[in-house]
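Undergrad: Structure incoming, see below.
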Amino acid sequence: MPSLLLLFTAALLSSWAQLLTDANSWWSLALNPVQRPEMFIIGAQPVCSQLPGLSPGQRKLCQLYQEHMAYIGEGAKTGIKECQHQFRQRRWNCSTVDNASVFGRVMQIGSRETAFTYAVSAAGVVNAISRACREGELSTCGCSRTARPKDLPRDWLWGGCGDNVEYGYRFAKEFVDAREREKNFAKGSEEQGRVLMNLQNNEAGRRAVYKMADVACKCHGVSGSCSLKTCWLQLAEFRKVGDRLKEKYDSAAAMRVTRKGRLELVNSRFTQPTPEDLVYVDPSPDYCLRNESTGSLGTQGRLCNKTSEGMDGCELMCCGRGYNQFKSVQVERCHCKFHWCCFVKCKKCTEIVDQYICK
């Protein structure tokens, strides 16, 4: 009997440990920024053990790639900011709630919103690491070594210092996916389905950055004649990556896990998702009202647009509860004039405008 009690206690502690690990995330590096590599002078292991939100596998990578951690934090921050931009006019607006779990319990639901968040965060890491390589901030990588594109004109030079998206992609895959790959759930279980969903969306985010990187060129020549061009590989603006992933969010595929431990479409009539598509396994929670169990913050107190018929409109944003009107003073630059030479001088104008918030 005592041995059975010990086994039960051990299993319970293991379950709690897993829940605690899942509640925290490497995303917290965005809210608890890692200082520049000088912080590691005191030794890698103590610092890596103190960083919040890392899984065991991610801590090992931290110890091996100390100088990368600040840029992983930058990537997470970039992803979170882009998420908040893309969803600024939605009921769920990608709000951060604390420094450990970052987004709170809402990420424990395998919804479309969770799918987007995983994708855009992984994309942020690829973006940050790729740029850091080009800027010479990391000792393990440098400028891009991508082969010369076949369609590049012969008289154009290939060899500028490009963003190292190949390295950024590989490192982001190793680091971000480490948390999911070290989990061991029963084949065909809901938990395994969630792991597969996370891995799919991580990959979709990385591929968005990788696929959207393009050739950039600079002209050389007398008086801007552009008789010669030097070209290199350059990352797309991250806003464009966010726009692409938002399109993928809108067309995300509903999936379920099979007994064989694979994801399949809930509706087989739909097109099978590619590695560049987002997938989800749970319906979205009700974001209208605050709900501690789902992590929904509700829309009470959110600004809305009285004249819009879209998701930012008061009717939809406030979920039919109505809204309150208030006056707001806005200060803007106005009556700007150019003065020779060379500056622009503006006045400050105040305007009282009507604004609306959800009840």
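Just so you know, glycine gets a Cβ as well, placed from its N, Cα and C.
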Undergrad: Choosing among Cys288, Cys346, Cys349, which residue does Swiss-Prot name as bonded to Cys319 by a disulfide?
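TA: Going by Swiss-Prot, Cys319 is disulfide-bonded to Cys288.
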Undergrad: About how far apart, in whole Å, are the alpha carbons (Cα) of Cys83 (disulfide bond) and Asn93 (N-linked glycosylation site)?
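TA: Rounded to the nearest whole number, the Cα-Cα distance is 8 Å.
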Undergrad: For each of Cys94, Cys161, Cys342, Cys346, count the other CB atoms within 10 A of its CB; which of these disulfide-bonded residues has the top count?
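TA: Compared across Cys94, Cys161, Cys342, Cys346, the most Cβ atoms within 10 Å surround Cys94.
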Undergrad: 10 Å Cβ neighbour count around Cys336 (disulfide bond)?
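TA: Other Cβ atoms found within 10 Å: 9.
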Undergrad: Nearest to Cys133 (disulfide bond) by Cα, among Cys219, Cys226, Cys336, Cys349 (disulfide-bonded residues)?
TA: Cys219
